[in-house]
Amino acid sequence: MNIEMDKSENQELIVLVSRLKKENEQLRIRVKELEEKLNNKQNSLLNSNTNSKLKESTLQKTETFDKAPPIYKDLTLAEYMLYGRQLILSDFGKSGQLKLKNTSILIVGAGGLGAPAAIYLAAAGVGKLGIVDYDKVERSNLHRQIIHNELREGISKAQSAKMTIEELNSLCNCVAYEILLESSNALEIVQKYDIVIDATDNVATRYLLNDACVLSGKPLISGGALRMDGQLTVYNYKRGPCYRCLFPKPPPPESILNCADGGILGVVTGVIGCLQALQAIKIATENDESPNNLLIFSATSYPLFRSIKLRSKKKDCALCGDHPSITRLEDYVQFCGSGATDKSPSVKALGHEDRIEPKIYHNLRNKTPHVLIDVRETVQYDICSLPNSINIPLKDLPDRIGEVKNLLETPNTPVYVICRLGNDSQHAVNILKTHLKSELKEVKDIIGGLHKWSIEVDQEFPIY
Ligand SMILES: Nc1ncnc2c1ncn2[C@@H]1O[C@H](COP(=O)(O)OP(=O)(O)OP(=O)(O)O)[C@@H](O)[C@H]1O
Ligand SMILES: [Zn+2]
């Protein structure tokens, strides 16, 4: 019996010792990591002091990629272990890893493109990552903005991205800017970084970042994605053009479509965001021999990628040309005629008399004979629709006026028009009024569209 007890005590002791040894080892690694993190922070503090001195000096337009001299001259033991699989690449090696460690990258936009770009850059060992985003995490972001998650809904995207990065690689010094990047703050932030990634979704910020990068001599890795397509370009790099060399004038605001209206396949932003990260690594490690190209990706065509060689910079470019007229940041919202935020502003195309609240329409719905036209695209109509509505997409409406006419039982039959948010429906009312002036007694748009309907009338109706 005693021998049996001795045996089992012995066994327990062996297990305990082995557990303590394991914990001891884990603590040793953790202490090492924390020491490195502290070291990083001290170094970046040193760096930011140098930068603020730099900031005080006059802002000069520089043409080459100006990178601060290396601060870190070697890798730590934890870094050898962490980056081992890429250290052994002949095109990368220890020198590549050290260059990454000494590089700071600014990602503007922690959305569909910024999310994968930030994750891969942090994991690869970039020394400092700045993340700018003024917005908060929404549920409809999560199919593509994979740096956030369900628990982060409603919190700042910049903070959420920082949290993920710190969990992924605590050696990366991540700075979150919970702000809208605009003329008043862009230069100050851009100047603090070696490379800038444009992961935003609007034209005003595209011009702002282009100008800030040219004025402070930073390469700009620009990406875009919509529906099933995407593209990638590097501006202001290796004597290549800037965005203004290619597009001196912004497109008309009404021609611009965003993801909320046009849709986007999550993985398409993943492809372009990863390519932005790859391009940043190639620039940081001075391993980029490719000419200045516009890379076009289409998920629905073959081959998936096409590449177009870009022109060299324009001698008469207003920004980067020989005699520039733009020497400071401008008012980009005014220049582009559209804001830096992509939240669709409410259209006000109709007077009060031509509009009806969803609740009032709901009350008359089963009592008054009427025609309800839903002017969303058919793909959206097929997602969800109100019973007895007729789908005529806005773009087809002028050609299908005859159909509307045939639907009217009498000239007095009222017509109501609905869409997703209550913007297109207003344009549709104007089209109907123009074409059916004498035939129609009453034609109204349902205020706030199906979105407001599902909030105020039927909570079971999907919001998408
Ligand atoms: N000037 C800016 N300053 C800071 N963040 C910006 C600026 N312009 C755009 N962004 C951010 O860039 C990101 C763009 O990503 P994306 O288009 O995937 O997201 P989204 O705007 O959340 O999409 P959705 O259209 O579905 O609402 C957004 O998070 C947006 O807040
Ligand atoms: Zn230019």
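Heads up, the Cβ atoms here are built off N, Cα and C, so glycines get one too.
If you look up TrEMBL, you'll see 10-51 marked as coiled coil.
Over all protein chains present, the Cβ of GLY112 (ATP binding site) has 29 other Cβ atoms lying within 10 Å. Feature annotation from TrEMBL assigns ATP binding site to GLY112, ASP133, SER140, ASN141, LEU142, HIS143, ARG144, LYS157, ASP201, ASN202.
Long-range C-beta contacts of CYS317 (Zn(2+) binding site), restricted to its own chain and to partners at least six residues apart, with a cutoff below 8 Å, comprise PRO241, CYS242, ARG244, CYS245, PRO248, PRO324. Residues annotated as Zn(2+) binding site in TrEMBL: CYS242, CYS245, CYS317, CYS320.
Under the heading active site, glycyl thioester intermediate, TrEMBL lists CYS259. For CYS259 (active site, glycyl thioester intermediate), other Cβ atoms within 10 Å of its Cβ number 18.
Here TrEMBL flags 366-462 as domain 'Rhodanese'.
Look at TrEMBL and you will find CYS419 tagged as active site, cysteine persulfide intermediate. For CYS419 (active site, cysteine persulfide intermediate), the same-chain residues that are 6 or more apart in sequence and have a Cβ closer than 8 Å to its Cβ are ASP374, VAL375, ARG376, LEU394, SER425, ALA428, GLY449, LEU450.
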Binding-site residues clustered about CYS259 (active site, glycyl thioester intermediate) [Cα within 10 Å; pool: LEU142, ASP201, CYS320]: ASP201
Alpha-carbon distance [CYS320 (Zn(2+) binding site); ASP201 (ATP binding site)] in Å: 23
Those residues of the chain, 6+ apart, with a Cβ under 8 Å from that of LEU142 (ATP binding site): HIS148, ASN149, GLU150
Cβ neighbours of SER140 (ATP binding site) where a neighbour is any other Cβ within 10 Å: 12
Residue pair CYS320 (Zn(2+) binding site), GLY112 (ATP binding site) - Cα distance, angstrom, rounded: 30
Under 8 Å by Cβ from ARG144 (ATP binding site), same chain, sequence gap 6 or more: GLY111, GLY112, ALA115, ILE264, GLY266, VAL267, THR269, GLY270
Neighbourhood of ligand 2 - binding-site residues from GLY112, ARG144, CYS320 with Cβ under 6 Å: CYS320
